[in-house]
Each structure stands twice: as structure tokens, then as C-alpha cells.
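Written below as C-alpha cells is the structure these notes are about.
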Amino acid sequence: KRVRGTETRAGGRARGTAGAPGAAQVAAGSLLALLILWTLFGNVLVCAAIVRYRHLRSKVTNIFIVSLAVSDLLVALLVMPWKAVAEVAGYWPFGAFCNVWVAFDIMCSTASILNLCVISVDRYWAISSPFRYERKMTQRLALVMISVAWALSVLISFIPVQLNWHKGGDVVAASCDSSLNRTYAISSSLISFYIPVAIMIVTYTRIYRIAQVQIRRISSLERAAEHAQSCRSSHIDCHHHTSLKSSIRKETKVLKTLSVIMGVFVCCWLPFFILNCMVPFCESPPSDPHAGLPCVSETTFNIFVWFGWANSSLNPIIYAFNADFRKVFSNLLGLTAYVNMIPNVVECEENRGDPFDRMSQISPDHEVATDSACELDCEGEISLGKITPFTPNGLH
């Protein structure tokens with residue numbers, strides 16, 4: 001996977017041989033240290049929250065969140081620190097640990113991406129077939145799905161790396177540099193990124209369409225209820241306009257949520273994987289067959305590598321910052337007063353169970369989940385797990 005370009009060549013030692021690292025290296029090291037610490041903090045907090053609180057452990061969906069947090073935690077523990085030290089030192093100082101580090105890099109990053117893909121499939125199944133999901137999605141099935149993701153990550157990392165199947169022809173033995181051959185670069189990139197991102201695009205596009213249909217149906221039922229209650233008043237048009245605006249607002253919120261999920265992921269990883277597939281097809285300068293990255297500078301490549309790893313610091317914010325987790329995080333950090341300052345949480349608690357109490361006035365055939373509107377409106381910007389579609393006849 002990313003091994004070409006993530007490791008600094010032995011020739012890079014010239015940066016650090018003059019003495020202590022320069023100001024630029026110290027600044028870069030400080031930024032990288034902050035990134036590593038934030039990644040550790042965010043993912044440890046997610047794991048601690050789910051382990052500590054039973055109501056979070058009881059949700060099958062959170063098994064996938066834990067797996068994602070563990071993979072991101074391993075990125076911060078087994079991958080990022082070693083590379084950060086090499087960046088500051090100007091060379092790879094860890095000797096034979098190189099191959100193990102390369103394998104960890106590929107495994108942990110792939111596991112993180114595959115966990116994101118599994119989460120998208122889980123959410124799509126929960127939203128498109130909620131009753132079947134409730135029956136079929138057990139903890140055992142969730143663990144099987146996670147095990148497949150991790151097994152695939154190990155298979156495309158440790159086995160090829162330890163057997164040197166991944167290396168290209170221009171390998172410098174004295175450095176932690178493994179130039180990928182074309183076959184491995186393409187195949188590993190397909191498994192690690194391109195296939196998962198295609199699946200995520202399909203699932204999240206369909207999730208948005210389902211949510212859009214549901215929101216419009218709920219809005220239609222709300223307008224009918226308002227009409228039934230206000231038919232003797234002169235405010236029917238106002239109710240209709242308010243309900244329509246609410247529908248548009250909810251659709252926009254879901255769209256923003258999905259855009260953030262896909263946008264952050266693609267922006268972090270796409271540049272790296274484009275270069276990862278392109279570099280093996282570049283030719284080294286004839287004057288120096290071992291020169292690194294002729295298509296792109298090593299600095300540029302490494303920047304995109306860190307962009308990819310930075311995704312592990314953002315995943316806890318995107319996937320675990322719904323109302324339930326925010327309250328738990330506040331408790332764990334001793335910031336219980338802070339939860340009352342979060343508008344979405346307060347709003348949801350005040351309105352829970354309220355929006356659809358009047359739906360029974362329309363028809364006994366229309367059954368709508370009582371909490372769905374509140375959960376969509378209050379948590380829709382982060383969590384899609386509680387959008388429950390229903391059929392035109394009112395049955396799930």
C-alpha cells in the first residue's frame with residue numbers, strides 16, 4: 001500500500017547530520033505530536049464510553065464504532081509515531097523494524113477504511129430494511145463482519161510484506177524504503193480504498209434517497225394533522241408553510257451529514273491513493289536509478305500520507321459525536337454542565353415523543369415511530385442509525 005514514500009531514504013540523513021533538528025523540523029514535529037495525541041485521545045474516549053456505559057454497549061451498531069476506534073487507535077500507536085520521529089530526524093532510525101512498521105501501516109489504515117465501509121453497509125441495511133435488520137443483525141453477525149474486515153487487512157499487509165511480494169525493483173537495503181511493484185500497488189489500492197469508497201458512495205446515496213422520501217411523507221402527515229386541528233382557524237396556510245420548511249431543513253441536514261461523512265473520507269485518502277497507483281508507473285531518472293518518487297516530490301507524497309492518517313483523528317468526531325455520545329463524553333470528562341449548552345441535546349430531550357403524538361388523529365392505519373422525527377432533527381447531523389422508513393401504507 002502506502003509504503004513507497006512514507007519511509008524516508010537513508011540519503012535523507014543529511015538533514016539531521018548537522019546537529020539538532022532545525023526550526024522547521026521542530027515545528028513539524030510539534031504539529032505531528034499534537035495530531036497523534038488528539039487521535040489517541042478521541043479514539044480512547046470512544047472506546048472508554050462504550051465499555052463504561054451499558055446502554056451504548058447494548059447497541060449492535062456501536063460494535064462497528066468500537067472496531068473503527070480500535071483501528072484508528074492502532075494507527076496512532078503503531079504507525080504515526082515512528083514516521084513522525086523519522087520526519088524530525090531526517091532518516092529512518094529504527095533499522096530492521098521497517099518491514100514490521102510497513103505491515104502495520106498497511107494493516108491499520110486498511111482496517112480503518114474497511115470499518116468505515118462496514119458501517120455504511122450496516123446503516124443502509126438498518127434504514128432500508130429495519131425489521132429484517134432487527135431480526136438478523138445480532139452481535140454475532142456484527143463480529144463476523146468485523147472479523148472479515150480485519151482478516152482482509154492482515155492478508156494484504158503482513159503476508160505480502162514479510163514475503164517481499166510488494167517490492168519493486170529499486171530497493172535500497174539501508175533504508176526503510178520499499179518501492180511498490182505495479183501489481184501490488186493496484187491490487188492493494190483496490191482493496192484498501194477504491195472498492196470500499198465505491199460501496200460507500202452507493203450506500204450513502206441510497207440512504208439519502210430513503211431519508212428524503214421518509215421526511216417528505218412525515219411532513220405530509222404533519223400537514224394533515226395540522227389541518228385536522230386547525231381547520232376552523234385561519235392559520236392553515238401558515239402551518240403548511242412551516243411544515244414544508246421543516247421538511248426542507250431536515251433533508252438539508254441529512255444531506256450535510258452524508259456530505260461530511262464522504263467528503264472528509266475522500267479528501268483525506270483520495271490524493272494518497274491516486275499517487276500510490278501512479279508512482280510505480282513512473283520511471284526513475286537514468287542518472288540515479290534509486291532516486292525516490294520521480295513523479296512527485298517526497299515532501300508532497302508524505303503530506304498526503306499524513307492527510308490519510310489524519311482521517312483517524314476525525315472519525316471519532318464524525319461517527320461518535322451524536323447526542324448519546326456527547327452526554328457520555330461530558331460525564332467521562334467531568335463536564336456535565338457542558339451537555340446543557342449543546343442545543344441539539346436539550347432540544348431533543350424537551351421534544352422527545354412530542355411531534356407525532358397527534359398522528360393517531362389521522363388514521364389508525366398510519367403507524368410512525370414516535371421518536372423518529374426528533375432523532376432525525378436532533379441527531380441527523382451525525383447519526384443516521386435512527387432513521388426508520390415506512391411504506392406508503394404506514395407499515396414498516
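Any Cβ shown, glycine's included, is placed from N, Cα and C.
Marked as compositional bias 'Low complexity' by TrEMBL: 8-20.
For 42-319, the entry in TrEMBL reads domain 'G-protein coupled receptors family 1 profile'. On the 0 to 100 pLDDT scale, the model's mean across the domain 'G-protein coupled receptors family 1 profile' (42-319) is 86.
The region 'Disordered' annotation in TrEMBL covers 1-20.
The transmembrane segment annotation in TrEMBL covers 31-51 (among others).
Annotated transmembrane segment per TrEMBL: 63-82 (among others), in sequence order. Distant neighbours of the transmembrane segment (63-82): 32, 35-36, 39-40, 42-44, 46-47, 50, 94, 97, 101, 104-105, 108-109, 111-112, 115-116, 118-119, 122, 139, 142-143, 145-146, 149-150, 153, 309, 312-313, 315-316, 319-320; these residues of the same chain sit at least 6 beyond its ends, with a Cβ under 8 Å from one of its Cβ atoms.
Sequence-distant contacts of the transmembrane segment (94-121) (same chain, six or more residues past either end, CB-CB distance under 8 Å): 1-3, 6-7, 64-65, 67-68, 71-72, 74-75, 78-79, 82, 85-86, 145-146, 149-150, 152-154, 156-158, 161-162, 175-176, 178, 188, 191-193, 196-197, 199-200, 203-204, 265, 269, 308-309, 311-312, 315, 319. Annotation comment: TrEMBL describes 94-121 (among others) as transmembrane segment.
Annotation comment: TrEMBL describes 141-163 (among others) as transmembrane segment.
Among the features that TrEMBL reports, transmembrane segment is placed at 183-207 (among others).
If you look up TrEMBL, you'll see 254-275 (among others) marked as transmembrane segment.
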Exercise for the section: Decide whether the stretches the transmembrane segment (141-163) and the transmembrane segment (31-51) have at least 3 CB pairs under 8 angstroms, with pairs required to be 6 or more apart in sequence. Expected result: no
